[in-house]
Each structure stands twice: as C-alpha cells, then as structure tokens.
C-alpha cells in the first residue's frame, strides 16, 4: 500500500511535470512563429496580426526580449481579467457556462475541504484502530486519516453523519443558486442574441408518404393548412452522404496536389514522384502532380454525376425537412406541440443552428433510430462491463506485488525506495489513463450510429455514456475490484463473519489510488492541455508543407472547439470522488481543489485565446451537469450507509436514507423549476423578441435570410444558379391547387407544383378538419 511518503513523491513528480509544462508553454507562447498556435482565436476574428519580423533573422523566429520571460506567469491574471459578459460575447454562452462547472467545483469543495480537515481529520486520526485491532489488513498512513481508523460502534461516527448532512446541504445550496443563475443567463442570452436561423426554424421528421405528391409538396401543404399565418418556407432533407464523401476525397487530393506543386516550385530540377499503392509504400511510380490532377478531374466528374442524381432521384429525398416561420412565436408553437393525431408522424423539434447540424444522420430513416439505439445500448453494456477485466488485470500488475510476481528479476530494482514510491504513487494512474485514451472516440462512433442530428446532441450523448463508464469502471471497478484483490489473502484466512468488516475498512483504502489518478490526469493533464504540443507540431508541419494562401494558414491553425464529450465527464469524475471521499477520506479533497483551481484558469485562457466553438446551444447541457452532481451525492450516501453498516452503527441508516430521499426531492424540485428553460422556449419571450425586432427593423425581409440557411454544405460550394435549382423558392404569391384528389385545394401557393389555377375560397376553413 502507498504511504504518505509515496504520495509525497508522486505529488512532487506531478507538480514538477506540471511546472515543466507551464514553463515550456510560457516560453513557446512568446516566440513569434508560435503566435498563431497559442492565439488562433484572435486571428480567426481578424483582431490580431502576425508579430513584426523586422530586424535580424533570429528575431523573426525567437523573442529576444528577456524581460518578457520574467513575466512568464502573467497569462494567469490575464485569463481572469475578462468579465463574464464580455466572455459570453467573445466566446459564446456554452463556453462561459462550461467554465462555471469548474467554478462550482471550487465553490463546493473549498468550504468542504476546510470543514473536513478541521473536524473529520482530527476525529479519524486520534484513533488507533488500524494499528491495534486489524493488523491482518493491509493499510497505509493515509488510511489512518480515514473513517477506517474509527473503532466499531464509536460515537464519533455521528460526526461523520452530521458532516454528511452539512456537505449535502451546502452542495444543494450551491447547485440551486447555479441552476437559477444559468437558467437566467440562458434566457437573457436568447433575448439579447442577434437574429439566427434556428430561432425561426423547426426540424420536421417522419413526414408521411403521399403517392400523389413529393415530400416537399406534402410538407408545404401541411404547414400552409395547419400554420397558415406563420409558415414561411422550407428545405427538404436529401441524402447527400455519398456526395459529401466524394467532395471530401477531392479536397484531400487537392491538398496533396498543393503540396507536390509547392515542392516542385522549390526545386524545378526534379518532378516529384509517388507510388500508387497503399500509403505510397508500393505500386507503380508515377508523376505525383499529373497523377493528382487526373484523380481530381475524375472525382469532379463523379461529383457532378452524383449531384445530378441527388437532385433528380426521389429516393434521395428523405421524409424530413427544415421548416422556417415568419416569427419566433410561430416556430415555438410548432416545435413544442403535437402536429398530428398520430403522435408518430410529423414529429417536430427545434432545429439545431446550421453549424450544429450533423448532416450525415439526417438521412437515417426515423423508424430505424429506435432499433439503432437499442443495439447501441446493448453494445455499451458489454463494453462497460467487459472493459473492467483488462483494467483490473493491468492495474494488478501496476503494483509492487504485481510487478514482482510478473517480473521477479526486477525485484531488487523495485525495492529501491524512490522507484518503489514512483510505482506505488504514479504507475496505477498512468495505466488507467492509457486505457481510457480511445474510449471517447468509441463512444462518439456509437452516438453517431444512434442517429442524433446535431453535434451538440452527439456530444451530450457521448458525455452521458462516458460518465456512466467512469462511474462503473474507473470508480466502482477500482474501489470494489481493487480492494478485493488487495485483501484476497485476508478473506481466505478469516471467518465469514469478519468479511463484511474487512470490506467496510478496505473500501476507503482505495483513496490512495484516486489521489495518484487525480495528480496524473488532473494536475499534469491540465498543464499538458495548455502546452498544446500536438496542435503545435501539426500546425508547423502544415505550415511548412501545405500552406500556400492565407486561407490555408487559417485552416492549419484552427484549433477546433472544446470537447464537451470528453471534458465534462472528466470533471464529473472529480465531483464523484470529492463527494464520496469527503466524509470517508478527507485527505483527498485538497488534491481535487487544486485540480479545479488550475483547470479553471487554464481553460479560461484556452477559451479566450484558443478554442473556436463550432456551435452554440445556449448551455443546453446544464441539466445533465446538475443531474450528475446529484448522482455523485447519492453515491456518497450509499457508500456511507454501507461503511457504517459494517461499523455496528445500524441506527444511522435511517438518517442517511432520509438524506438520500431529501437529495432526490431536491433534484425533482430543480428539474420542475428550472429545466423547462433548457427544453422549451417561452412564448412570452418569443413574442417580446419578435415585437422588439419588428420595431427596430420593420423592413427586414426574413425569407431571403432563411431560404438558404439549411442547404446541405456540399451544395453551398456550387454557384448561385445551382443553389436555386436545389432550393426552388417561390417568387410569386398565387393560388395553386394541390395534386391530391382526396383533399381540398390549398388556398396558398405550392412551390413545387408550378400550377396557377385558383382554389375555392370557401374550401379554406375545411383544412383544419380531419
């Protein structure tokens, strides 16, 4: 077991690595040739230009102002200077609210840490239970600061119960204030935000087939009849996935062509040669420039043919459409109401903003989504529980005993005090971190298969599964399996009556592993985040071999956005550890506080200077954040009930069960009070926004603004004539009959039919009658 000295060594190593990362960042960010790597957001906004390169050759690449190196930590106060309102305007509400998750961690755990160390640590440490009563159980110095060191049946356990109530009430108070704050921020953001297409647009799915009309005509007639005063225009969804792949492939070929042409321009004496086989490792040798020109021409012809097929083939049109309205009120009414007597038809939801649309999944038939999600639920179940086997096996090897058993010849080396401290305090966290590297990618692929239609919903779904995986494998797997493996010999040699007591004592002993994990993943991981070593290398490679124009340079330096599906579950694991171990092993809390403090400063800097958010969901993820912190509270209650039941304090169970019930009631209260603001758009706010906008800009023509907003991106690259062929917008207001013989005529124009005969006015009221 790790001792305090082992943890001290590990903490020193992680602090040193974090300091090295921060120092390297402070030096690299000052160099002129790295400016676009560490401040790309300002370049993309057009508010920053490349540093002056006048002077000697060295000054063009290296900052020779040594005074600037003395202020290598000035980025920290700079990151904290920008006010929150300015941050929202600069980076968006999603980014600002994401930072508040770290802020909540500080608000919750700083007071809890002080209270736990002032009350619980002395209560735990002033006992001799582990030394006198349980000599046969493996323990460490850290365990003496935990609840395991309190003797069975002791009245001191009432202190832990009181602290559990205090910690829970304080956490609920902070969560309540934050939920209220974020809900108000969201509503204020929606009110003050500039005009956006998604404010007027609804995504309609499962449009019923009609033998007499196309999907576009069916959609138009339905909304002209059922929303005659607010319907404006629509854009049907087409399956352009194959076309998008061809366009992407052509872009890749074009990048290689640019590379070879740039290479040839630097050395005209020799034409670049390439092999046509896999990855250019084998195959026929050809002229690289001519080969890629030929390939691009071939792909251009395929793209033209596929584009023509998508436009003319009815099978390429999906039973879905983006429907836009004349007002936010009209869109809100449509998005938040049932459109048909059959609740499985004409399904409506708020359209994602155009940047947020995940176009590939719009082509998935709605009826298959339920089957896809069932398949992924089963796959995730097996992934979660079978993943525990390799994690437990490798973690067993990442201990002193495991290494000595697997490699006896290393025993003399392992027993060196420093090496032993490093293995016990550092290696297990590294092993677990390595096992989780590819998990986010796997979970994102699963979410895409399920058919979610926006990037934000994909990330929220992946985040949910990542959190559940962490809860089962990283937390429960490490606690239960890890403790059981450590104590296996003890279980075999003692009576069955003693096993519950040993488990009750052994569970908090796993705190040493989580301390090392927090230092590896939290401290060193956050410091590595700001260093941005991977983007730094990629940018300079692209800048050297591929960049020819300023647009190419912008693409090369684009850092992407915050990965919510990775970052948020990672934060929630620390909330879970903090809640569970606050009353069990309070020595873990300072490590969590350091993580939240460092992460808040680092990500504030990254959001201000680096990350360029791909979409804006107006903090739609906050209910998930709130719910997972509540889950952490409930897990802490269950864990404490289990521990105290082994400590001959059964009378405490009703009190802790009551606390769990109160926590659940609090969650339901917050869900009913604040969650609607994240799910529905109040009609009162919509009317207010529409009224203000009409007063300020009464002559604004909304239709041209919305008509091309939701065209598939592959069509936006074509010329205006081709776009008109895709959209086919109406230009005149004439009365046109529907083609359907079984229904009344539509008293307003049909864009697709092209007819011009008049419909009967008296038929209009009958459209609302089924």
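Using the three backbone atoms N, Cα and C, a Cβ is placed for every residue, glycine included.
Keep in mind that TrEMBL annotations are predicted by a computer and have not been checked by a curator.
Of all ranges given (101-120, 121-140, 181-200, 201-220), TrEMBL attaches the label transmembrane segment to 101-120. Among the residue ranges 37-56, 57-76, 77-96, 157-176, the one that TrEMBL annotates as transmembrane segment is 157-176.
In summary, the transmembrane segment (101-120) lies against the transmembrane segment (573-603): three or more C-beta pairs, each 6 or more positions apart in sequence, are under 8 Å.
Against the transmembrane segment (652-669), stretch 157-176 has more CB pairs under 8 A than any other of 157-176, 514-533, 573-603.
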